[in-house]
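This report concerns only the one structure given below.
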Amino acid sequence: MWWSLIPLSCLLALTSAHDKPSSHPLSDDMINYINKQNTTWQAGRNFYNVDISYLKKLCGTVLGGPNLPERVGFSEDINLPESFDAREQWSNCPTIAQIRDQGSCGSCWAFGAVEAMSDRICIHTNGRVNVEVSAEDLLTCCGIQCGDGCNGGYPSGAWNFWTRKGLVSGGVYNSHIGCLPYTIPPCEHHVNGSRPPCTGEGDTPKCNKMCEAGYSTSYKEDKHYGYTSYSVSDSEKEIMAEIYKNGPVEGAFTVFSDFLTYKSGVYKHEAGDVMGGHAIRILGWGIENGVPYWLVANSWNVDWGDNGFFKILRGENHCGIESEIVAGIPRTQQYWGRF
């Protein structure tokens, strides 16, 4: 099934060379191989002593899943800049710069969604509402329309759930921020860290429609709703226009094992096997050394990649990065009475 969903650009990169290392994808051999290529990015060690089966489970997005209605294009009406970073454009919205950690769970589909929702609530209230939308609430309570929790899910289902049922607030693990903070602890899939070791993907926590002790607002009253949710066409300009006008979006792409070693530069697939589908948050774009890129936030903590972020080739639907864009607009009228 995966192969039918992998863009031609990735397949060509996968099959074009015969001298690629056949060793473990996290090995020094693989890292050295990538760094000896005349490519656009640098590899390094992000993971240490971690099973490949665990890493595959981190890629918990089902590509080619249910579709949301596609919004009407408007890029022709906008003069788009050569580069754009939502962190700078909306500096009064702290969630845009935040990197979360999905822990031992294939919940990337939920994280990409709630991160972008949090950003958009702040953006569309002109910085007046800063909230961390709860990944816990979405992961545990969305049910079958979103997929199978920690075993993988659909970004489109996440955004649809936001508009229909709403989501409460909730910060990262053990933060005691919001109604339902994340209950799956971060684990040490990186190098020389202090967190407990990753032992494999855990079960999806139970849906709990009650805020944690000490939070003053009820679960029902804490809900944040989307007004509308939609997909964005795979047009580079339309994706840029959507981010420029409304804020970061959720995207998904096919992950190959070389991506696990990304440290800096503009990622282009060079070597390795398919790991799975992975959802992320796209917050900007630019050009580095003549190579156009998307600026992306991952959910593997700040010690992965470039402080938790990465850049990936833009404009060629590389590894499907432009073909699974979803987003939505928050229901802002629910907030105006509070100001």
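Yeah, the Cβs are placed from backbone N, Cα and C, and that goes for glycine too.
As annotated by Swiss-Prot, active site applies to CYS108 (among others). Packing around CYS108 (active site) is summarised by its Cβ count: 29 other Cβ atoms lie within 10 angstroms of its Cβ, all protein chains included. Under DSSP, CYS108 (active site) is assigned to a helix (H, G or I) in the three-state scheme.
Annotation comment: Swiss-Prot describes HIS278 (among others) as active site. Around the Cβ of HIS278 (active site), the number of neighbouring Cβ atoms within 10 Å comes to 24.
Proximity of ASN298 (active site) to non-local residues of its own chain (separation of 6 or more, Cβ distance below 8 Å) is seen for ILE99, ILE280, TRP304, GLY305, GLY308, PHE309, PHE310, given in sequence order. In the three-state DSSP reading, ASN298 (active site) counts as coil. Taken from Swiss-Prot, the feature active site covers ASN298 (among others), and the record attributes it to experimental evidence.
What Swiss-Prot records for CYS93-CYS122 (among others) is disulfide bond, and it gives similarity to another entry as the kind of evidence. Counting only same-chain residues six or more apart in sequence, the Cβ atoms lying under 8 angstroms from the Cβ of CYS93 (disulfide bond) belong to ASP119, CYS122, ILE123, GLY127, ASN130. Following the DSSP three-state reduction, the secondary structure of CYS93 (disulfide bond) is coil.
Swiss-Prot lists CYS105-CYS150 (among others) with the feature disulfide bond, giving similarity to another entry as the kind of evidence. For CYS150 (disulfide bond), the number of other Cβ atoms no farther than 10 Å from its own Cβ, over all displayed protein chains, is 23.
Its Cβ placed at the centre, CYS141 (disulfide bond) has 21 other Cβ atoms within 10 Å. Sequence annotations record features per position, and here Swiss-Prot assigns disulfide bond to CYS141-CYS207 (among others) based on similarity to another entry.
According to DSSP, CYS146 (disulfide bond) is assigned to a helical segment. Sequence-distant contacts (6 or more apart, same chain, Cβ under 8 Å) of CYS146 (disulfide bond) comprise TRP109, ALA110, LEU138, GLY153, TYR154, GLY157, ALA158, PHE161. If you look up Swiss-Prot, you'll see CYS142-CYS146 (among others) marked as disulfide bond, on the strength of similarity to another entry.
Residues or ranges marked as disulfide bond in Swiss-Prot: CYS179-CYS211 (among others). The DSSP secondary structure for CYS179 (disulfide bond) is coil.
Using a 10 Å Cβ-Cβ cutoff, CYS187 (disulfide bond) registers 21 neighbours. Look at Swiss-Prot and you will find CYS187-CYS198 (among others) tagged as disulfide bond, backed by similarity to another entry.
Swiss-Prot lists ASN192 with the feature N-linked glycosylation site, giving experimental evidence as the kind of evidence.
DSSP classifies LYS220 (N6-acetyllysine) as coil under the three-state reduction. Taking a C-beta cut-off of under 8 Å and a sequence gap of six or more, LYS220 (N6-acetyllysine) has no contacts in its own chain. The annotation N6-acetyllysine is assigned in Swiss-Prot to LYS220.
Marked as signal peptide by Swiss-Prot: 1-17.
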Integer Å distance between the CA atoms belonging to CYS150 (disulfide bond) and CYS179 (disulfide bond): 21
Largest tally of Cβ atoms lying within 10 Å of a Cβ, found at which of the disulfide-bonded residues CYS122, CYS179: CYS179
Spatial neighbour of CYS211 (disulfide bond) that is closest, considering only the recorded positions CYS108, CYS142, CYS150, HIS278 and their CA atoms: CYS142
From CYS108, CYS141, CYS142, CYS187, HIS278, the recorded positions whose CA lies within 10 Å of that of CYS150 (disulfide bond): CYS108
Of CYS108, CYS142, HIS278, i.e. the recorded positions, those within 10 Å of CYS187 (disulfide bond) when Cα atoms are compared: none
Neighbour count (Cβ, 10 Å) for CYS207 (disulfide bond): 14
